[in-house]
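Q: Shown below is the structure under consideration.
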């Protein structure tokens, strides 16, 4: 049935919705923002060079580090700049050299020694580090990398950790989709929240890289799935004209979360303390457990009329509306009448699975396009966020800038989504992001210009990240909305699993990841042309409703023929269809 018409009974955007969205749902975005990107700093790579034990003795404490490095560490070219090598050292008798330095504690003699050695250094054998590394602790006192020496031959392990983190998010999204559609939006959020907080806090006590990796895998199961419940709940509680508000303010809160994370990192640099700092304060969200409502739209779609009527009465009371005493019966009668009118199989008689996302040709194409665009946007958004510390300069400021530059985007989007709609803004945002990423190839050695193009790309992809979930939630039907969005997110999470590898490959060519991301965005922008406009449209309740919304073909490349097929003729889940069966994974 059309739930949007029922919202008029209680107020489609009254005081209740505004209070819940602004004071309950928006703070609920912080766990996702904190835990998705804190790993960038927990596993930050500090400057380092080969450790020379002979130079670490108390007798050498009066020598400047640059003098000792000149005598022991060769230079190499990285990012077009000559720097001290991170994994190489000269093969020489350092015991003898250290003794000479102790006996001749005179800067003039040392400079003469270096000038004499400078000619001979070119003839010295260069070898790999033998006795570990010395880390620059001026920015980060301790990170996962410096604690377990994940550098040089082991420098792929931090990238592996990000890949594992992305894969765990993929798995978690798949599980979360069923939890959300089967148990509801409210309990699924708190299930994932407590699991996320405990796992991240526990990672602070990790005793080895492998134990830390296991805890990060557990955290990843909840990211970004934990953002889905508050977001879906928000758009399901308001009318069509106010979904833009929910989407915009949710993303504003998410971007503020990124800037807050930069502030936390600025204050807390030790990786163990940082893990606790981004976890334990989130326990305060459980103070809202009795305030956060369940989605009445979902309750009606799953035929839980008693609970739906209770939630609707709460909304009506706060919004100054009055409902009849038999409102539960009214909900049931209107739902049954609607299903009979549409000649639909009652949703109480069956469960829904992934097959329903591909039940008809139209639904298959729609799901495929949404999923591919989601893959493109997620890959680039996460990739750009991971890439921020590689821009040079202050890593924490770069990350702060990456989050802060998203905020002006929403000022433009707020009126534009209501005026221009979703489809064109999605396409233009992705093309702008693509062009900015590709343009960095022309200015790859100009750090300031590259940073400007990076910020423009971040604004473009942030805009697209606002529009796509809104469109997807307006195209997927209520009975499989959580599952549909989770399915698209699951496939999209393959991108964040691969993008750290692309960034790792870019260690030799700093703009290579931006070029790859630009090409991916270009294809995603083209695919967005085929999605229908959803501005001011009622949310589809059933698969039949969603199937009745055709795709568009503005370029006449091929003819998209829309075929309406009832749910009754769709592929059924593999399990038995009864009132008590569990949700099928088919």
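Note that Cβ sites are derived from N, Cα and C of the backbone, with glycine treated the same way.
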Q: So which range, 336-357, 424-445, 534-555, gets flagged transmembrane segment in TrEMBL?
A: 424-445
Q: Using Cβ distances below 8 Å and needing 3 or more such pairs, separated by at least 6 in sequence, tell me whether the transmembrane segment (245-267) contacts the transmembrane segment (451-471).
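A: Answer yes: the transmembrane segment (245-267) meets the transmembrane segment (451-471) with 3 or more Cβ pairs below 8 Å.
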Q: For the transmembrane segment (451-471) and the transmembrane segment (156-177), does the number of C-beta pairs under 8 Å, pairs 6 or more apart in sequence, reach 3 or more?
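A: Counting Cβ pairs under 8 Å, fewer than 3, so no.
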